[in-house]
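If you check TrEMBL, you get these features:
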COMPBIAS  A:117-128  compositional bias 'Polar residues'
DOMAIN    A:4-102  domain 'Replication factor-A protein 1 N-terminal'
DOMAIN    A:174-254  domain 'OB'
DOMAIN    A:282-378  domain 'Replication protein A OB'
DOMAIN    A:435-580  domain 'Replication factor A C-terminal'
REGION    A:109-128  region 'Disordered'
REGION    A:138-162  region 'Disordered'
Amino acid sequence: MTKLSEGAIEALSNGTGGNDAVLQLVNIRKIDGGSGLPRFRVMMSDGLHTLSSFMLSTQLNFMAEENRLAPNCVCILKKHVTNILKDKRRVVIILEMEVIKSAEDVAGRIGEPTPYTEGNGSQQRVLQSSSLGHRNKGFNRDFGKKAPSAMPSTPGDNSKVVPIASLNPYQSKWTIRARVTNKSSIRTWSNSRGDGKLFSMEIVDESGEIRVTGFNQEVDKFFSLVEVGKVYYVSKGSLKIANKQYTSVKNDYEMTLNGESSIIPCEDDCDVPVMQCDFVSIGDLENREKDAIVDVIGVCKSVDEVTRLTTKSNREVSKRTLNLMDMSGKLVTVTLWGEEAEKFEASGQPIVAIKGAKLSDFGGRSLSASFSSTLMINPDIPEAYKLRGWYDKEGHAMDGQSLTEVKGSGGGLTNWKTLSDVKTEHLGHGDKADYYTCIATIVYLRKENCLYQACPSQECNKKVVDQHNGMFRCEKCDKEFPNFKYRLILSANIADYADNQWVTCFQESAEAILGQNAAYLGQLKDSNEAAFDEVFQQANFNTFVFRSRVKLETYNDESRIKATVMDVKPVDHKDYSKRLIMNIRKLAAQ
Amino acid sequence: MEGILDVPKPRITCGMLSQYIGRPVCFVGRVEKVHPTGKTFTVSDGEGKIATVELVCVLDEELSGVVEVVGMVSNKGAIMASTYNVLREDKGIPFDLELYAEALKVIHEFPQHYPFEVAASG
C-alpha cells in the first residue's frame with residue numbers, strides 16, 4: 001500500500017510546508033469559474049486528515065478533464081501556493097501534481113482520515129442529527145470516516161461544542177473546544193505487568209477546566225499535535241472520577257483519550273480563556289494545610305543558582321529556589337526541579353505564576369513546583385498586571401516577610417531553634433539526624449585534647465600513630481610519614497537564654513571560633529603555652545549562629561545526644577532582629 | 001543638662017514626641033537639613049516623619065547620615081539636644097532605620113517586657 005505523507009494536510013493548511021507530499025485524492029468537483037473557465041476543487045487526504053480547500057490551477061484542468069484525477073488516486077504535490085482569503089480561509093492552489101498511482105490501482109481510502117478543521121465559523125455546518133447524545137451512530141460514523149461526495153465545502157467539526165463543565169461519564173458523544181494550559185512530558189513506566197507511556201494535560205474553556213491523560217498509542221497520536229496555549233476541539237474521550245491527589249484542576253471528572261478520541265486544532269480561539277487559576281495570597285498560605293495543591297502568583301524577588309543533587313535512587317536532579325512576593329507583603333520560597341529549574345530566566349524580577357504548586361511545611365511554609373505544576377512567567381492575565389503595578393509603586397521597596405525560614409544568604413532551609421527546644425522536641429531521637437540553627441554564646445571551650453595529629457595526605461584526616469622513631473603511621477592509607485598535620489576537635493559548651501549544650505566542632509568551625517588555624521595552634525601549644533591559653537580566652541563569650549546536627553548515639557548501652565557543629569557564622573543582626581520582631585508579633589497574635 | 005545622663009531615656013520616634021514633652025529621650029534619625037546658623041537641624045525617623053533638633057552649641061562640622069540624639073523634648077515638640085553621636089555609615093553594617101522603627105514599635109507595645117528604668121545597682 002502506498003504510504004501517504006501524514007501531517008502534510010496540517011502543514012498545507014497552516015502554510016508551513018507540504019512540498020512533495022504524497023496525498024490521496026478523495027474527491028473532485030467542478031465549479032464554474034467566473035471567467036468562463038471551469039475550476040476544479042479537490043479534497044485531498046494524507047491518511048490522517050482530509051482537506052477540501054484545494055483548487056487545481058487552471059493549467060492543470062486537463063488532468064481533471066482527462067479523468068486522470070479520480071477519487072482514490074494517489075498523487076505527489078510537486079508545486080503549490082497557499083492563498084489566504086478575506087475571511088481568513090486558506091486555499092491551496094495546486095500548481096503541479098503528478099499521479100503516481102491511478103484510482104484503479106488503489107484499493108480504497110488509505111487510512112481513516114478525519115476532516116482537518118480550519119476553524120472558520122461560517123464553514124461549520126451544524127448537523128442537526130449529531131447533537132450530544134443522539135443515537136444516530138450510523139450517520140456519525142459515515143461522516144467521520146468517509147466524506148460523502150457532495151462534501152468538499154464543510155470540513156468543520158461534526159457536532160455542537162459543549163462546555164467542559166457539562167462533561168460526565170454517562171455521555172460519550174460530545175465535542176469540547178478548549179485551550180491547553182499545561183502539558184506534561186511523556187512519562188514511561190515499566191513494571192511486572194509491562195511497559196507503557198503516558199502524558200497528561202490540562203485544558204480550559206469558558207465553563208471550567210479538566211485534566212486529560214493519554215496512554216501508549218494515544219501518546220503517539222496526540223503528544224506532538226498538542227501545543228500549550230493553543231485551542232483544540234476534543235471529542236470522544238472517556239470520563240471518570242478524578243484523582244484529586246495530583247492535581248489542582250477543579251473538576252470532579254478527568255478524561256482519558258482512547259482509540260476513538262480526536263483532537264483537532266481550532267483557529268477561532270479568542271473566546272476561550274487563557275488560564276483558569278484560583279490564586280491564593282501568599283500571606284494566606286500559612287493557613288493552608290501542608291501538601292495542599294495551590295495556585296500562586298507573585299513577583300520573583302530573587303532567585304538562586306541552579307544546584308544539582310543526587311536523590312536516594314542515585315538519580316541526579318537539578319534544583320533551583322526563588323522567592324515570590326505578593327501584595328500581602330509576604331515572601332515564600334518556591335523550589336523548581338529538573339528542566340524548569342535549568343531553563344528559568346529570572347532577569348528583571350518577573351511576575352511568576354504557578355498553577356498546581358505543592359505547599360509544604362518545610363522551613364515553615366514553602367512551595368514546590370511538581371511535574372504537574374505549570375509555571376508561567378509574566379503571564380498575560382489581569383492579576384499579573386495588578387502585581388506589576390503594585391510592585392513598581394511600593395512593592396519593590398518592601399523587604400517582605402518570608403514564610404520560609406531561610407538563613408542569611410538564602411541558602412539551605414533552616415530550622416531556627418533555641419537550645420531548650422532541642423531537648424523538649426527530642427531532636428535527634430528519630431532514625432535520622434536532625435539539623436537546626438541557633439544563635440548562642442560560647443561559655444566554655446575545652447582546650448585539653450582539642451588537637452590531634454592527623455595523616456598529612458590531602459584527603460585523609462585519620463589520626464596517625466606515633467611510631468616513636470620519627471615516623472607516623474596512618475592505618476587508613478597504610479603508609480608511614482615523617483610528618484603529620486594538626487587538626488582540631490573542639491569540645492565547647494554554648495548557651496542561650498533558654499539552655500546550654502555541649503557540642504563538638506571540627507576543623508573549619510573550630511578554626512572559625514578560635515580565630516586561628518590548626519597548624520598555628522599546634523605550634524603554640526608546643527612552644528608558647530601562655531599564648532595558646534590566650535587564644536581560648538579571647539574566643540570565649542562570643543556569640544555566633546550555629547548550624548548543628550544532633551543525633552542520639554548509643555555507646556556501651558548508654559544513649560546520649562551528640563551535637564556536632566556543621567557551620568559557624570557571625571550573627572547577622574539585621575536578620576536576627578527581623579526574625580525576633582516576627583516571632584514577637586506571632587506570639588502577640590496568639 | 002548633666003542630670004540627663006543618669007536618667008532613663010526612652011527611645012522614641014516622631015510620632016511619640018508629643019507624649020514625651022518635658023522628658024529626656026533618645027532619638028535616632030537621619031539628618032535631613034542643617035540650618036545655616038548651625039544651631040538646629042532636622043532629622044527623619046524610620047517612618048519618614050521629621051523632627052527638629054536644637055543644639056546648645058553651634059555645629060562645628062558638617063553633619064550627615066544617621067545620628068543618635070539625647071535630649072529633652074520641648075513644648076513645641078523639638079528635641080533640645082544635650083549630646084549627639086553620629087552612627088558612621090562607612091564602618092560596619094549600615095544602620096537600618098526602618099528596622100529600628102519596627103523594633104521601637106515592639107518596645108512601646110509591650111512596656112511590661114521592656115521597662116525603661118535604671119537598674120538598681122548593689
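Just so you know, glycine gets a Cβ as well, placed from its N, Cα and C.
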Restricting to the domain 'Replication protein A OB' (A:282-378), report the mean pLDDT as a whole number.
81
For the domain 'OB' (A:174-254), how many residues does DSSP put in helix, in strand and in coil?
10 helix, 45 strand, 26 coil
If you run through the domain 'Replication protein A OB' (A:282-378) with DSSP, how many residues end up as helix, strand and coil?
12 helix, 51 strand, 34 coil
Where DSSP helix means H, G or I and strand means E or B, what are the helix, strand and coil counts for the domain 'Replication factor A C-terminal' (A:435-580)?
37 helix, 69 strand, 40 coil
